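Each remark here refers to the structure printed beneath this line.
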Amino acid sequence: MLYKGDTLYLDWLEDGIAELVFDAPGSVNKLDTATVASLGEAIGVLEQQSDLKGLLLRSNKAAFIVGADITEFLSLFLVPEEQLSQWLHFANSVFNRLEDLPVPTIAAANGYALGGGCECVLATDYRLATPDLRIGLPETKLGIMPGFGGSVRMPRMLGADSALEIIAAGKDVGADQALKIGLVDGVVKAEKLVEGAKAVLRQAINGDLDWKAKRQPKLEPLKLSKIEATMSFTIAKGMVAQTAGKHYPAPITAVKTIEAAARFGREEALNLENKSFVPLAHTNEARALVGIFLNDQYVKGKAKKLTKDVETPKQAAVLGAGIMGGGIAYQSAWKGVPVVMKDINDKSLTLGMTEAAKLLNKQLERGKIDGLKLAGVISTIHPTLDYAGFDRVDVVVEAVVENPKVKKAVLAETEQKVRPDTVLASNTSTIPISELANALERPENFCGMHFFNPVHRMPLVEIIRGEKSSDETIAKVVAWASKMGKTPIVVNDCPGFFVNRVLFPYFAGFSQLLRDGADFRKIDKVMEKQFGWPMGPAYLLDVVGIDTAHHAQAVMAAGFPQRMQKDYRDAIDALFDANRFGQKNGLGFWRYKEDSKGKPKKEEDAAVEDLLAEVSQPKRDFSEEEIIARMMIPMVNEVVRCLEEGIIATPAEADMALVYGLGFPPFHGGAFRWLDTLGSAKYLDMAQQYQHLGPLYEVPEGLRNKARHNEPYYPPVEPARLVGDLKTA
């Protein structure tokens with residue numbers, strides 16, 4: 001053994017060839033700060049070996065290196081700029097020394113080589129992959145950019161266009177695509193990976209392969225003519241501006257850095273990468289996006305822990321076809337759980353099957369499946385007008401009309417047709433689960449399962465625990481949701497549960513702004529362009545359906561009369577009374593016409609102004625700051641109340657539910673991350689300016705207490721203690 005660290009070791013393999021093996025104690029290899037330092041020590045040992053002829057890098061895990069240790073990022077981002085820059089210089093000196101070894105090097109990569117793992121691979125002369133490899137640089141998705149030389153080496157290896165596409169979008173590619181673009185040099189079966197890598201090294205050692213020529217382009221300026229450079233970088237900047245926008249500075253920073261570094265050799269190019277990385281690491285956007293990644297891991301880990309002792313349902317059923325039922329049936333069948341879809345109406349069944357077939361055909365058009373797979377999936381959805389097959393199902397989700405009487409009748413009837421251990425769930429969006437449970441003989445086998453539309457796209461499923469729902473029931477439904485590829489978050493029961501409960505105060509803020517003379521177009525523009533929502537409140541209401549919102553608003557008002565009962569007729573009432581239901585009937589805040597692709601396109605409609613004039617004061621202008629404050633304060637207050645009341649268990653789950661269920665702007669990280677970034681005292685000052693608008697603007701006591709003590713909702717993070725010889729970097 002030449003060297004043994006905590007996460008890697010170095011040993012002779014054969015005849016002057018050494019192997020450096022990443023072998024962390026856990027299930028995966030991560031390139032954390034300690035591993036970078038250990039890698040530097042191992043390379044130091046290699047530099048002393050006079051009989052070294054070649055080096056092979058590999059992993060003892062199912063994945064090469066999954067990336068940097070993202071759990072370190074938030075503390076790393078708190079390190080002062082100068083110190084962080086110094087550490088990056090040290091880390092890059094390690095990869096430079098790997099790249100500069102006086103012998104040929106090869107990385108044998110399997111599973112994943114992402115982020116720092118990819119950058120480690122880029123520092124070797126040759127790269128051999130297994131067919132399951134995913135390789136790429138996802139850093140821009142976390143609000144940063146490659147910091148271990150990825151933005152320098154990849155463009156010089158692949159050419160600017162392919163590298164820019166991967167780096168700016170934070171993409172990873174499979175082994176075949178990596179081979180095609182030159183990111184790897186060969187793809188071999190897993191069992192032949194090490195032998196194949198040794199064979200390449202022997203060829204390089206024997207002079208059959210010119211490893212020095214292979215290495216040289218990575219040390220030099222990017223080979224691009226002035227015209228080629230102008231075209232590549234202009235197109236890339238245009239694409240990034242269009243897709244990422246101003247709220248995500250990392251992609252455009254990465255492109256501009258690669259452009260600026262193009263005319264320099266490795267050392268100066270790495271300095272430019274360093275200078276760009278450090279300021280990005282100190283942005284609120286980076287903290288928010290890393291926070292989302294960590295919260296996502298937490299939520300998925302919680303679901304995994306919850307379901308470790310239950311069997312995932314093998315057969316499911318959906319009550320109520322149509323678009324929603326068809327969407328649920330498709331998602332279940334697509335992920336391998338056969339489903340019976342029941343309705344009392346043949347027309348609805350046809351609609352449900354058509355929806356499932358349409359979604360499968362889209363997969364076929366994209367080349368994700370072939371005709372055989374399509375037929376196989378569709379054959380596992382069984383439409384029925386009766387209860388045939390219900391004696392075999394493990395879980396049933398009810399997705400009928402949003403009416404408590406109808407839902408209770410359907411659930412009570414279904415309970416008599418299934419096994420005693422079958423779990424029932426309701427896809428209600430607002431009706432309390434404990435109320436629906438009153439109709440059942442086995443309420444412990446019942447809970448809520450709230451999907452979001454469109455089912456195949458929206459990642460969140462709210463699992464609602466009723467007063468009598470058993471732990472096993474919750475676990476089974478969480479297991480099914482996870483199997484369907486969704487992110488399940490368990491919440492406690494109340495009108496609207498979590499997501500709709502916090503959405504309707506936001507809509508109330510919108511209605512009050514309209515009442516006070518604001519223009520709905522400006523509100524939408526501000527909430528989309530400035531705050532970052534995917535759609536403004538007026539457009540969102542049109543998409544959700546004015547009739548749906550009108551009904552839900554009444555349910556919420558009955559559930560929380562002190563805050564949500566209004567004493568005036570609002571814009572939602574006015575549009576509902578005029579039969580303007582939004583996209584579903586072509587008239588809402590806008591008029592809708594189908595474009596060439598059959599998608600609804602919004603157009604101005606003068607008639608809506610007369611309707612809104614009935615419920616609004618004369619038009620007046622509001623500042624962007626006031627619009628954002630008046631829209632967001634009611635929502636954030638309600639989010640905090642849900643945490644204080646135990647409706648949602650943690651800030652992490654609340655923020656993920658908002659991001660995955662409502663499209664809360666990811667660069668804000670969710671309501672609690674936004675609160676922590678803003679500071680609770682500053683938020684309190686802002687909210688107090690609008691307390692005169694009513695109870696929705698009154699800040700909960702728990703949040704006032706946080707403001708008094710200057711406490712965040714997320715646990716405070718200490719700056720990282722960086723490992724490595726920074727002075728000699």
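Our numbering is plain: 1 for the first residue shown, then up by one each step along the chain.
Including glycine, each Cβ sits where the backbone N, Cα and C put it.
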| task | Quick one: which of Met324, Met484 does Swiss-Prot put in the NAD(+) site with Asp343, Val400, Val401, Glu402, Lys407, Ser429, Asn453? | result | Met324
| note | Of Tyr387, Tyr592, Tyr660, the one that Swiss-Prot places in the same substrate site as Asp296, Asn500 is Tyr660
| task | Fewest other Cβ atoms within 10 Å: which of the binding-site residues Met324, Val400 wins that one? Let me know. | result | Met324
| note | Glu402 (NAD(+) binding site) to His450 (active site, for 3-hydroxyacyl-CoA dehydrogenase activity), Cα to Cα, whole Å, comes out at 12
| task | Please tell me which one of the recorded positions listed here (Glu119, Glu139, Asp296, Tyr660) sits closest to Asn453 (NAD(+) binding site), measuring Cα to Cα? | result | Tyr660
| remark: Among Asp296, Asn500, Tyr660, the record's substrate-binding residues, the widest C-alpha separation in angstrom comes to 21
| note | In the region '3-hydroxyacyl-CoA dehydrogenase' (311-729), averaged pLDDT is 95
| note | Out of Ser429, Asn453, Asn500, the listed binding-site residues, fewest other Cβ atoms within 10 Å surround the Cβ of Asn453
| task | In three-state terms from DSSP, label Val400 (NAD(+) binding site) for me. | result | coil
| query | In DSSP terms, helix, strand or coil for Met324 (NAD(+) binding site)? | reply | helix
| Which of these recorded positions is closest to Asp343 (NAD(+) binding site) if you go by CA atoms: Glu119, Asp296, His450, Tyr660? | His450
